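**Student:** Sharing a structure here in C-alpha cells format.
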Amino acid sequence: MRSVTRWVGLIVAVAGVVFVVRELVNSWDDVRDAIGDADPALIAAAPVVGAGGMLLIGLGWRRCLAILGARRRYVDTLYRYYVGQLGKYVPGGIWPVVGRGEMARRGGVAGSVAYGSTVLSIGVTYLAAILIVVLALVAGAAGGDGVAWRPVAALLPVGILALHPRVVAAVLRLLRRVSGRDLGIPVPSWGVSMGLVGLHAPAWLAIGGATWMVALAIDPSEPELLNLLFATVLSWVVGLLVVPAPGGVGVREAVFVAAATSLSSAGVAAAVAVTARVVFIVVDLASAGIATLVARRLGRDAERTP
C-alpha cells in the first residue's frame, strides 16, 4: 500500500496534464481569434511575467516547508511544486493538495509536514490574494461601489483569525484525536504566518500584471492596470472557492468579465480571460517540464539540504 501511495502525486500530475491538454484544445480557436491582431511582444512577455508569479508561490512553499521543519533544496522543492500543482486542473478541490503533498512525500518529507505545508501554502497564498482584492476595492478598482464583491473581502478577517496559533493548535488537536497519532507539526507564530501572507502578495501582482499585458495586447483602449489587477486576483479567488470546477475553469472567466469594467466590452473581456487562462496553462506545463529536466540533470531529485 505504501508503494502505491508514493505514486499518487505523479498520477495526479499526469491526470492534470490530460485535463490541461484538453482545455488547450477546447480553447485554442477562441484564443487564436483573440490574438489575431494583438501586439505579439506583449503576448510573448505575459507568460514570462506570469511565470515569475508562479515561481514566487513555489518559493513561498519552500518557506512553509522550512517553517514546519523540512528544509529542502531550491531545485527539489520547485520540481515537486510545479509537478504537484498540476493537480489543480483535475476536477475536485483536493487534488492540488494531494498532488503537491504526495510529491513532497516522495522526496522524503514526513506525510504530516508534506500535507501541512501544502495546506499552509495554499491558505496564505489565497489570503494574500484576498488582501490584494480588499486593497483594490478600497482604492476604487471595482469601477463602482463594489458591493457585489464584498463577501469575498469579508473572508480576510476570517483567514487572519484562522492563522492564529490557538486556532491552528485546536485544529491539530482535533486531527490528532481523529488519526490517533502525533502529527509532529509545529505551530507557527501569528507573526510568522502573517509574514507568509505578505511574502506571497508580490506573486499576485505578477499574475495580475501578466493578465493586464494580455489585455493591453488585445484591447486598444488601454485598460486600467488597477482594475485588471483587481479583476484577475478576484477571479482566481472565486475560482478556488468553487470546488467542482478544475482550476476554476469557467468560473474565473465569468468573474473576470464581470469585474474587468475598464475593458471596452464584455466580448473583449471574455477574449482576455480565455487568452490569459491559456497563458497560465502554458506557464504551468512549461515550468513542470523544465523543473523536471533540471532536477534530473542536477541529480537533486530526492536530496535534503545539509
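Note that Cβ sites are derived from N, Cα and C of the backbone, with glycine treated the same way.
Feature list, courtesy of TrEMBL:
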- 7-25: transmembrane segment (TRANSMEM)
- 41-61: transmembrane segment (TRANSMEM)
- 113-142: transmembrane segment (TRANSMEM)
- 154-175: transmembrane segment (TRANSMEM)
- 196-218: transmembrane segment (TRANSMEM)
- 224-243: transmembrane segment (TRANSMEM)
- 255-272: transmembrane segment (TRANSMEM)
- 278-295: transmembrane segment (TRANSMEM)
**Student:** For the transmembrane segment (224-243), name the stretch out of 41-61, 113-142, 196-218, 255-272 with the most CB-CB pairs under 8 Å.
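**Tutor:** Between the candidates 41-61, 113-142, 196-218, 255-272, the best contact partner of the transmembrane segment (224-243) is 113-142.
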**Student:** Using a Cβ-Cβ cut-off of under 8 Å, list the residues of the same chain that are 6+ residues beyond the ends of the transmembrane segment (41-61) and lie near it.
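**Tutor:** Counting only partners 6 or more residues beyond its ends, the transmembrane segment (41-61) has Cβ contacts under 8 Å with 35, 74, 77-78, 81-82, 100, 117-118, 121, 124-125, 196, 199-200, 202-207, 209-211, 213-214, 216-217, 275-276, 279-280, 282-284, 286-287.
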